[in-house]
Amino acid sequence: MPDMDTETTRTEPAVDEEASLFSTMDLLLFSVIVGFVVYWFMSRKKPEPIPEFKKLDTPLSKDAQRYGMKGMVADPEEYSMGELSRLSEIKNSLAIFCMATYGEGDPTDNAQDFYDWLQENDDEDLSGLNYTVFGLGNKTYEHYNAMGKYVDKRLGELGATRIYDLGMGDDDGNLEEDFVSWREQFWPAVCEHFGVEASGDESSIRQYELKEHTDINMNKVYTGEIGRLKSFEVQKPPFDSKNPFLAPVTVNRKLNKAGERHLMHLELDITGSKIRYESGDHVAVFPTNDSALVNKLGQILGVDLDVVISLNNLDEESNKKHPFPCPTTYRTALTHYLDITHPPRTNVLYELAQYASDPKDQENMRKMASSSPEGKALYQSWVLDASRNILAILEDMPSLRPPVDHLCELLPRLQARYYSIASSSKVHPNSIHICAVVVEYKTKTGRTNKGVATNWLKNKLVTDNGHKSTVPMYIRKSQFRLPFKSTNPVIMVGPGTGIAPFMGFIQERGWLKQQGKEVGETVLFFGCRHKNEDYIYQEELEGAEKNGVLTQLNVAFSRDQDHKVYVQHLLTKNKEHVWKLIHTDNAHIYICGDARNMAKDVQTAFYEIAEEVGGMTRTQAVDYVKKLMTKGRYSQDVWS
């Protein structure tokens, strides 16, 4: 799998509250965070303790201040959704649900309990709850914005009042632009419903204040830990996103024989960690930024990166005390905690504009952050199309020199990257295998951009100056599972690094055969560019075919002949056998790889097989495949 982001949270300055429009109990409360279902409740008349909530970390928080409102955020994992109805106890309250969709229309991990609660509680009365929903999805996926659509519909069914229409962001296009457009229509609807007006104050006010530590015990300073201080020195299970395990790298080898790309196979040792995984799960790794980029940022901003600092929240009531673990150094923050490689969002450009000494630069930065067609086009061409990260922007805009502490406040957190596990725990209980391609490309400005995680993994040598290289990791469970009955045939389609989960599937089917179990047909459709360059895992695959674990190995070498040959072409070439496996033998189909093109083309190939061999119309074929999906017999692990 290539570098992938699942969630991106942004940090934005908060504005001091003004008493103007509402009393303490007449707050318009709204809350939002990507992938989180958000709610808030409080009443001084109640004896129950009032939960502490994080200050809102999105552009909406700044908007709210202009309307005399206060925004709070809660992670549904940490609170009981059964309390959601209590929002109606507060006059003029509003909840904004921003829902990311994961996998095949599934909720993100932290929203799973809330999703279950919505499904199971038909008798819940949410009348009095005002809400709106913004969904985050990707149109290249089959179940586009499924969670946003479901939550919007379900809340209405339970009696809640929709204040504004469902918004849907498309990450395959420009998700931020979708959000900005929705937000512009959202606020007038809120104002009309609650009878409020904007104060007009758009000044930039910081959310965090800087404290430099000149005399501090370095044992109290974070050096890259995600959660608990010194958690990388003293490891304690259970291991998860807040407490990753440092897995030693035992194998790191190049898979392709030739060609310009670098495809690699890594093995991580999880001995003694009590970590369990199943074939089809994902491994999450926490990468670090390239030290050369970090050093350049320090140089261009003229700062000592090794100064120990804390960024402390100005709102003492907030339970989010810092934007990242503090105290720490600027070097650690820029290396471990902050995303410095993705193009900055428009809200970051808006906040940084004040530090440009050239009025023209200020104007352009504010224009790019606006919703005007000219501004959107400028942001698209100058930032997104040119793949300018924050360093490139600073290099190409010499008048822009923001304080490093404000930059650190504004940059989003560096996220974990997810890879389909390329091994079976039945065969490798103490080892997790990763298959990935190193991301590196030239930008329109002539710079070389490198994928954060894949280049970091590439450099994870088994021994580095006598020390074992380690990778902070945890497991994310998946629905991408082999059939419960081993006698069911499986059809696996995975070109390139999309073969990763199928290496685990093949290992597991082989293990089942060794245990004397009856195993159904195991058919693989794999694709690569050239047989003599990037036919990865060739020995393993041909060995599995030879010993009968793989009953059929089909490989498409797309560029070894005049015309391109892809996996979908091999599917239609084997249409009679494929149709028999699906329609007669109850085969399960698995697709892994590119969502934008390959997954769609493969799905079309299955439609055509249903038409040509099954005698169906296109409408019937589409319905047939959808039913396979509903029954869990057509699964996808795809990315774009």
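The backbone N, Cα and C atoms fix where each Cβ goes, and this holds for glycine too.
Annotated in TrEMBL:
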TRANSMEM  20-42  transmembrane segment
DOMAIN    32-187  domain 'Flavodoxin-like'
BINDING   100-103, 136-145, Asp171  FMN binding site
DOMAIN    242-483  domain 'FAD-binding FR-type'
BINDING   Arg261, Thr497, Ser558, Arg559, Lys564, Val565, Tyr566, Val567, Gln568, Asp601  NADP(+) binding site
BINDING   Arg417, Tyr418, Tyr419, Ser420, Cys435, Ala436, Val437, Tyr441, Gly451, Val452, Ala453, Thr454, Trp639  FAD binding site
Mind telling me which of the binding-site residues Tyr144, Tyr419, Trp639 has the densest Cβ neighbourhood, counting other Cβ atoms within 10 Å?
Tyr419
Near the Cβ of Ala453 (FAD binding site), how many other Cβ atoms are there if near means within 10 Å?
27
Do you know which of the binding-site residues Arg261, Arg417, Lys564 has the most other C-beta atoms within 10 angstroms of its C-beta?
Arg417
Distance [Cα-Cα, Å, rounded] between Trp639 (FAD binding site) and Tyr102 (FMN binding site):
10
Name, in the order they occur in the sequence, the residues of the same chain whose CB lies under 8 A from the CB of Asn138 (FMN binding site) and which sit 6 or more residues away.
Tyr144, Asp170, Asp171, Asp172, Ala595, Ser640
When you measure from the Cβ of Glu142 (FMN binding site), how many other Cβ atoms are you left with inside 10 Å?
18
Just checking a number: largest C-alpha distance across Arg261, Thr497, Ser558, Arg559, Lys564, Val565, Tyr566, Val567, Gln568, Asp601 for the NADP(+) site, rounded to a whole Å.
24
For the FAD binding site, please report the maximum Cα-Cα distance among Arg417, Tyr418, Tyr419, Ser420, Cys435, Ala436, Val437, Tyr441, Gly451, Val452, Ala453, Thr454, Trp639 in Å.
23
Can you grab the distance from Lys564 (NADP(+) binding site) over to Val437 (FAD binding site)? Cα atoms, rounded to a whole Å.
21
If you count, for each of the binding-site residues Ala100, Leu136, Cys435, Val437, the other Cβ atoms lying within 10 Å of its Cβ, which residue has the minimum?
Val437
Surrounding CB atoms that lie within 10 Å of the CB of Tyr102 (FMN binding site), all protein chains:
24
